[in-house]
């Protein structure tokens, strides 16, 4: 454990030794090209490329304007030329392939710069890698050249030769032969320090800017800008070439003895950039400090009072140089900024009336560029809808269209996206100074979640109620009945239809069997049945001599009674009942004839032909061997039987036949008729009425007769 601590400190020391390096993980080679929008930065070969088997292809894109130059300086570049390559490409130059460090910095003008590092892989040799720094700045001129204010470079011999070689007159400004005699001459660049400039505009530069002169000791210079006007001053540094350790500071106010207020500090990181500083008052102090043996040229700057333009510039607005811009020193524009596709004026004066576009339209790019042929209307600018291919209509927006919000980076987004919890501007300025508010996504998720929870709650309540109802129903089966429920459940059933007819509650229906509610015996049921049969067999009934069609069940019952011999068959002549010799006594036909007319309710009569039905057979016990001799001695028929009512005999016969048919096993043979002397005693019908009316059953197989066939309705 102790031996690992020194190694840990060494690793931390190595990581902190170069904190300015920007390292890229291995994923930078596998993802899409990395876009670098910073003004300056550092690049090195991606770490983690220790594996020599797999190839690599890493790409970085440095965003830049077409009027800027990207300067690349190599601190280290050692690649294996056969297997590793570093390619730099810009729109205005052919690709540059490197495997060794160049002699000096590379200047790549024209806009975006693409840097590509490739490795062949397959265990090919690898170099030590590369380390470079880049910066976006204006094009720097050589030491023997003069840099114009419009960033052009001309030979130093063309300075103050009476010819406008720069195109903006900056090479002739401050000379004895000023091309603008009607204007106050601008002071010529001077090598003196600690000067006070009191004009409304002017040009000043550091000592040795026009010619490089290194000194062996540090230098310090001050310039006091006091045009004696209360309006603000705009100080613009058109060229910067500072060495390491050199610095330029801009203060607000007149300086000592007053405490100055620092507005801006410029170092070698600002080299090649055009920097504009606006004061808070009508005075400013510019200080310049160099180190010994400084290799930097210094700076070149101009100043003017807000509301005025330099003689070689044009005003953005109408009138005496007053423009509509609210930015620093941009109420004027130079000839080089005319029709370049970038709005330097807030109202687009520098891009209005350019060749190739109709009146009221603005070009997407400068002449000679791919976007120069496309033109757009003012309504298409700064509305968060890109019209130009390179997005020139959405850059440097001073004002946005209605319904849009202007970001601090001079871009526009929809106004509804402001303070919604999600940054839409590049710098996130649309979420600054916002009161606490939940994002739309959180609110939407909360609403959807609440709806889902409410739906689940309703389903849960429905299931709970259903289960409770089922459980309550199960418990109610075993629960005792209440008095009210018992009264409802135990109510007496309503009377039947036949009982209502018998009680006289409703009128009787023809051919419907009535019953006495107080007579539920078998005898009463048989009487009702015989009444139906009597009505059916009565000639000339209520139907006017025509027999009514009976129900199927009644017709079947009548056929069975006829088959059993309980009813006479129709259209059959009456015959005397056959008597069993020496066994069954017969009833004389005269007695039956006499009793036919006296038949009361419940008797059976013949059909329409008026024939008399045969008497019912009398059931006698089966003779036994002990009774055979006694019966054999009887040679004469018994005397006449006593007069028995036909109804009683018929009912008795029906009951006996039903009992013999349905209950053969329960019937014990015995004498039905008892002889006392010369006559037979018949059992009382009341003794045979105490039977149950059981459903008709057919334990035996009956022979189907012709009468069993169903009648046609």
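Cβ from N, Cα, C; glycine included.
Remember, it's a predicted structure, so these values are computed and weren't measured experimentally.
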* Listed range which Swiss-Prot flags as transmembrane segment, given the options 400-420, 421-441, 442-462 -> 442-462
* **Of 148, 388, 425, 434 (the disulfide-bonded residues), the residue whose Cβ has the fewest other Cβ atoms within 10 Å** => 434
* Which listed residue (99, 316) has most other Cβ within 10 Å, given these are disulfide-bonded residues -> 316
* Structure fact -> Residues in the domain 'LDL-receptor class A 4' (399-435) per DSSP class, helix first, strand next, coil last, are 6 helix, 6 strand, 25 coil
* Could you state the whole-number distance in Å separating the C-alpha atoms of residue 193 (disulfide bond) and residue 300 (N-linked glycosylation site)? => 14
* Asked: In DSSP terms, helix, strand or coil for residue 99 (disulfide bond)?
  -> coil
* Work through the disulfide-bonded residues one by one (345, 412) and point out the residue whose CB has the fewest other CB atoms within 10 angstroms. => 412
* Can you tell me how far the Cα of residue 400 (disulfide bond) sits from the Cα of residue 58 (disulfide bond), in Å? -> 38
* Have a look around residue 300 (N-linked glycosylation site) and count the other CB atoms within 10 A of its CB, chains all included. => 23
* Asked: Relative to the Cα of residue 425 (disulfide bond), which of the recorded positions 58, 153, 194, 412 have a Cα no more than 10 Å away?
  -> 412
